[in-house]
Amino acid sequence: MKLYNIKENDEQVSFSQAVRQGLGRNQGLFFPSEVPAFDDVDSLLDMDFVSRSSKILSAFIGDELPADKVKQMVTEAFAFPAPLHEVSSDVHALELFHGPTLAFKDFGGRFMAQSLAAVSDGGKITILTATSGDTGAAVAHAFYGMENINVVILYPKGKISPLQEKLFCTLGGNIHTIAVNGTFDDCQAMVKQAFDDAELRQAIGLNSANSINISRLMAQICYYFEAVSQLTEAQRKELVIAVPSGNFGNLTAGLLAKAAGLPVKRFIAATNVNDTVPRYLKTGEWTPEDTVPTLSNAMDVSQPNNWPRIEELCQIKGWGLNELGAGAVDDQQTAETLSKMHEDGYLCEPHGAIAYRVLKEQLSDGEHGLFLCTAHPAKFKESVDEILNIDVPLPGPLAKHAVMDLLSNEQDADFAQLRRFLMELAG
Ligand SMILES: *Cc1c(COP(=O)(O)O)cnc(C)c1O
């Protein structure tokens, strides 16, 4: 598979290079030179999740990795289901939270871990990432126990939920977590400094594992096919999919699935009040504002880093941006929707509720709706308990980690200190 840099088109890389490198020159995102299109989608939809996903990913990766290798990677990575739940006669929820860290980021994180291992030359790799929650957990669990790979995760001390912290700071082994006395932005700034440090980058084999890595996006294409495979022929005909969006990786993957031949009538981008994209689609003006904290904090993003890929794909396919639905939901509406859904028999969490609300607002008669549930309700237990006045039980993985000891180091937002730590770790 060849990929090119969206900003500097003359930079072309292989799948292996794109996985190892993450970003191209001038911070440009990589994009496939050719998006595969399946002509017999029906027979693809008849296959089981792992076989179908292997076929899709093989088509995207091309001949760089043999098909049986890809199948082995997928078997390892997608070891949990992505079931549909019927919320009403015309709407299904796609539950993407049945993996080890209870969020959809498990799919991308685990496939990226497999990809990186598959294309590695055996040298040492250090994954350095900053997190405010879900990404850190998914990356930590995905890379846990892998040889030659050290993972270092920075997070703002006291600013992520205690349960989230327990989920990824209790593993030990090759997973190193650092509670930084500072904000998420301080953490991110240190990661950026590390990447700007050519000597360090070389010495420790630095990689970011963040959501711009193409292997994460490719993995996410597969669960859109899995969702449609569970619908009836009639439901597939007029399908509308709402995606709760922050950095817009999830929506990019959905649009790539459509480009590959998945029958989807329309996508809807649902955000919280950090609504740069819904406003842009309405006015044609890109005017990000300061990021506002919300109940759906995994979507508190005002400069979505995957958006250029969506524009690129729409341009290639000749799709107008006006074909994309969009809507923004504030915290009060999110809470109301969560309560209404619960009364009607479905326990959701803020991110999924936002997608459900915008979907319901924009779904026409005769259409079938699907919305993505990106996290388990227990992952946002503090707000879900308070809004619904219930006590959400902790599912297995959370309950297990909740009673374990935190293994995090603590440090100030001091790059020199982080640098010493990284150099010692890589030996
Ligand atoms: C990361 C995340 C999102 C946003 O996904 P993007 O691909 O960044 O748009 C939504 N919900 C949850 C629970 C998340 O963790």
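Start at 1 and count along the chain as shown; that gives each residue its number.
Backbone N, Cα and C define each Cβ position, glycine as well.
Some features that TrEMBL has for this protein:
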DOMAIN    8-78  domain 'Threonine synthase N-terminal'
DOMAIN    86-366  domain 'Tryptophan synthase beta chain-like PALP'
MOD_RES   LYS105  N6-(pyridoxal phosphate)lysine
Including all protein chains displayed, how many Cβ atoms other than that of LYS105 (N6-(pyridoxal phosphate)lysine) lie within 10 Å of its Cβ?
30
Counts of helix, strand and coil residues, the domain 'Threonine synthase N-terminal' (8-78), according to DSSP:
43 helix, 6 strand, 22 coil
Helix, strand or coil: which one is LYS105 (N6-(pyridoxal phosphate)lysine) in, per DSSP?
helix
